[in-house]
Amino acid sequence: MPLPTYDPADYPTQLATKVAHFEQNFAPFGVANTAIHASAPLHYRMRAEFRIWHEGDDLNYAMFDPADPKQPITLETFPPAAESICHLMPRLRDKLRGNESLRRRLFQADFLATLSGEMLVTLIYHRQLDEAWEAAAREMAAELGIGLIGRSRGQKIVLDRDWVLEGFELNGRQLRYKQVEGSFTQPNGGVNRQMLGWACQQAAGFGGNLVELYCGNGNFTIALSPLFERVLATEVSKSSVHAAQYNLAANQVENVALVRMSSEEFSNALAGREEFQRLKDIDLEPFRHATLFVDPPRSGLDAVTLELARGFDRILYISCNQETLRENVIALQDTHEIKASAVFDQFPYTHHLECGLLLTRR
């Protein structure tokens, strides 16, 4: 993980620069009055990964300056990370320093925190882990009150569970999300809540049915589900589908049909070009002119999915790459126009800016 530069005094200026770039990028499509959702200037990251730098019997967390990638910068703490991570870092380091089984050939430490107060740490080694490691790791995890996983090549030791349970309030509902180690989760918990709130605000009053592609662990699915009669959500990752199934049950959501398939497969199914056993119990007809929600990878929507999107009256689009978002808007501009826009600063002090658009049929 490269070392970011961060100065809370500079944050408003940096955010304003990113917002100006977005508005300039989308001005030709009539974007105006963009809703701006800022991050906390510090303690915003719910995930953090650090190399472990050894000097004799000592060790420290380390990151690297991209301008000098061979020279480690050792850290006592990391202010962009959640306060719970910052509080844990020195305590965990001291435990690791004091135990040869835990320290030997330790390469990396990954932290996964939640707004609800849970913590999971993954320790990655350049050696096989043995019973002595497991005994020491169990004792340390109990003393620190954390979940712990040990990894090495071809080996994964989970001491309790390989996930955390996130929980927060949104629009009067208490939402819970299973977040699995190694799977994608939103890195900025505070901004994620703002994204969910904006999406719900835009969808309020739509009614009818919702199709969601790339649903992940159900982050948006669960937040949006009360606003629609029925939801059909798709996701290709097996671990994300399992997490989404857990999350739907944990939040008592009963109007969602979740199918493991790619956006291209679903597009072909809805167009009648292919039939899939996974969809045999789902009537697709009510979803043909529903609302479409997409939160695609950085590559944006492919040509097949864009063709699918043209058939929907409303498209809610969350993007982590405004360049591919712009390309997709150009491809859709003959059928859809932008009605609302928002930016979400998931990654302060970087050039990245999460974007949200509501597009409606012309």
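From the backbone N, Cα and C atoms, a Cβ is placed for every residue, glycine too.
Listed features, source Swiss-Prot:
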| type | residues | note |
| --- | --- | --- |
| ACT_SITE | Cys320 | active site, nucleophile |
| ACT_SITE | Glu354 | active site, proton acceptor |
| BINDING | Gln186, Tyr214, Asn219, Glu235, Asp295 | S-adenosyl-L-methionine binding site |
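Feature annotations (Swiss-Prot) mapped to structure.
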{"residue": "Gln186", "record": "S-adenosyl-L-methionine binding site", "CB count, 10 Å": "22"}
{"residue": "Tyr214", "record": "S-adenosyl-L-methionine binding site", "CB count, 10 Å": "22"}
{"residue": "Asn219", "record": "S-adenosyl-L-methionine binding site", "CB count, 10 Å": "26"}
{"residue": "Glu235", "record": "S-adenosyl-L-methionine binding site", "CB count, 10 Å": "25"}
{"residue": "Asp295", "record": "S-adenosyl-L-methionine binding site", "CB count, 10 Å": "20"}
{"residue": "Cys320", "record": "active site, nucleophile", "CB count, 10 Å": "18"}
{"residue": "Glu354", "record": "active site, proton acceptor", "CB count, 10 Å": "23"}
Distance in Å spanning the most remote Cα pair of Gln186, Tyr214, Asn219, Glu235, Asp295, given for S-adenosyl-L-methionine: 16
Top Cα neighbour of Cys320 (active site, nucleophile) in the set of recorded positions Gln186, Tyr214, Asp295, Glu354: Glu354
Rounded distance in angstrom between the Cα atoms of Glu235 (S-adenosyl-L-methionine binding site) and Glu354 (active site, proton acceptor): 20
Cβ-centroid neighbours of S-adenosyl-L-methionine site Gln186, Tyr214, Asn219, Glu235, Asp295, 8 Å, sequence order: Phe184, Cys215, Gly216, Asn217, Gly218, Phe220, Ser240
Cα distance (Å, whole number) from Asn219 (S-adenosyl-L-methionine binding site) to Glu354 (active site, proton acceptor): 15
